[in-house]
Amino acid sequence: MSAAPVRRIARIVARPTLWLPLLSLLVFLAVWEAVGRSVDPLLFAPPSRMAGELPELLSSGELAAATGVTLQALVVGYLLAAVSGVLLGIAIGQWDTLGRLLGPYLFGLFSTPRVVLVPLVILWFGIGYGGRLFLVFLWSMIAIATTTADGIRNARPDLVEVARSYGAGRAQTILHVLLPGSIPFVLSGLRIGAERAVVGVVIGEMFLEITGLGGLLQDSAQSLETARMLWAVVVIAVIGTVLITGLDALERRLSSWKAEPT
Amino acid sequence: MRDPEPAAPKIRVDGVAKFFEKGGGGDAGQVRALDGVDLDIAPGEFLTVIGPSGCGKTTLLRIIASLTDPDAGRVLVDGKAVDSPSPERAMVFQSFGLFPWKTVLDNVRFPLRVRKAPLSEATETAMEFLGKVGLADFAHSHPHQLSGGMQQRVGLARALATDPDILLMDEPFGAIDAQTRELMQEELMRLWQGSGKTVVFVTHDLDEAVLLADRVLLLSRSPGTVRALIPVDLPRPRWDYDVRALPGFTDIRARLWSMLRDDLVFAESHGPGPATAGAR
């Protein structure tokens, strides 16, 4: 077995993945600082000024509270979207008729900029949690459902037949064959859905109910407090990155069966 | 020839015909893949099926498995007409048909789990059969980590795990290299001998057909009909000696070859035959 040397090589190659991003971050911060100092402080803030602003944002609990509000709507909406999106995706993938009936609406909604629908959402759900949740949920759910349906439709017919030959029913075939075979599709749906959910939560907080990180962003932008505004941006970016990184880890875990070379 | 008359047949193929729509062309023509196949297979018999490509041998197997519906005729198992697949007629596939995302153990456990067997019981049974095919140590590997021969042994263990009366094998060793194939043939004979299981084994390898069989079924070229049923009365167990060197073996092989050759020559000069498009 040549597993040991392969792993050693892999580790050496893996190192730059740690120090290269760190290096690029340092360069990025340096450039930002330089640009930030040379621009009108009302328009932009360098990292140093942001750092100065941080103690107050933290001690007042403002940033934490805003983050909590945002995460709450994001996590609930995204989890709902993941569960219902996968279920709807299986249904659409299994029954073409359903796909043809729902497809146009799903794609139509998906391609419509959400901001355009904010007034409608306000009419339906009012200004509050329900409306924000809806903005997180629906677009994320559509992304997950349509990619999952693609995965189900692309299932290997020979393996579906194997299941059938052993007397597996529809539910068992979905559980043992269709869904595991669709994992790459489901995961790519979850990634697109995560991005849609993050954008949805921010839109809800900026344009529907001024609250959370989106609200902090909106408020501080209007009062020209660029450092505070940028902190909201940083936290939103971190949330998005953590979500995507988590999905990457999930993908590696779930596709471990094909990761090892033969 | 084993006399199927006194004992009731395990499998009776009764006037089975199958048509396929001709692909592509404007005419909605039909191609006959199988036409009026009558066949009795005795309990515990090892039947091999051979014929030119496109003769519908795989279609016949799939009809016995109820994976394909016949357009005419029916299949009876123990005297009862069958119309849906069952683990009682376990299928072994040429492309192994293993679930790549499941471990070897989970693959073998699959038919048992489908039947709602408790996990501990399913695990025990699956490990028993993995032991029988010599793969107990690979229970937690994934299929892609195994060689083709090992993968098909997993397929065999999976088919045997539900203790089926009937094994339906669709060119199971066709994708395996020649040397491994000989080992697999011996292994299959060891597993089958004394088990009382009825085997229908489709192959395109003449040697393999004669080596394994109690009877060889030769199908004619499209549409597939029963051309000959040749008994193979060579002593068993056949792994104790070099069967291929026996005069009996070479005689049967020569007989089958002369019949098969006509159809092959015809196919070579007339194209692969109209049924190939729908033959699978």
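Positions of Cβ are set from backbone N, Cα and C atoms, glycine also.
Taken from TrEMBL, the feature domain 'ABC transmembrane type-1' applies to A:67-251.
As annotated by TrEMBL, transmembrane segment applies to A:69-93 (among others).
The transmembrane segment annotation in TrEMBL covers A:105-127 (among others). Within its own chain, the transmembrane segment (A:105-127) is flanked in space by residues 134-135, 138-139, 142-143, 145-146, 199-200, 203, 207-209, which lie at least six positions past its ends and keep a Cβ under 8 Å from the stretch.
Here TrEMBL flags A:133-152 (among others) as transmembrane segment. Sequence-distant contacts of the transmembrane segment (A:133-152) (same chain, six or more residues past either end, CB-CB distance under 8 Å): 73-74, 76-78, 80-82, 84-86, 88-90, 92-94, 99, 106-107, 109-110, 114, 118, 121, 124-125, 178-179, 181-186, 188-190, 192-194, 196-197, 199-201, 203-204, 208.
As annotated by TrEMBL, transmembrane segment applies to A:173-192 (among others). Listed by sequence, the residues of this chain that lie at least six past the ends of the transmembrane segment (A:173-192) yet keep a Cβ under 8 A from its Cβ atoms are 82, 85-86, 89-90, 93-94, 143-148, 150-152, 154-156, 159-160, 162-164, 244, 247, 250-251, 254-255.
Same-chain neighbours of the transmembrane segment (A:198-217): 62-63, 66-67, 69-70, 73-74, 77, 114-115, 118, 121-122, 127-129, 131-133, 135-140, 228-229, 231-233, 235-236, 239-240, 243, counting only residues six or more beyond its ends whose CB sits under 8 Å from a CB of the stretch. Look at TrEMBL and you will find A:198-217 (among others) tagged as transmembrane segment.
Residues or ranges marked as transmembrane segment in TrEMBL: A:229-247 (among others).
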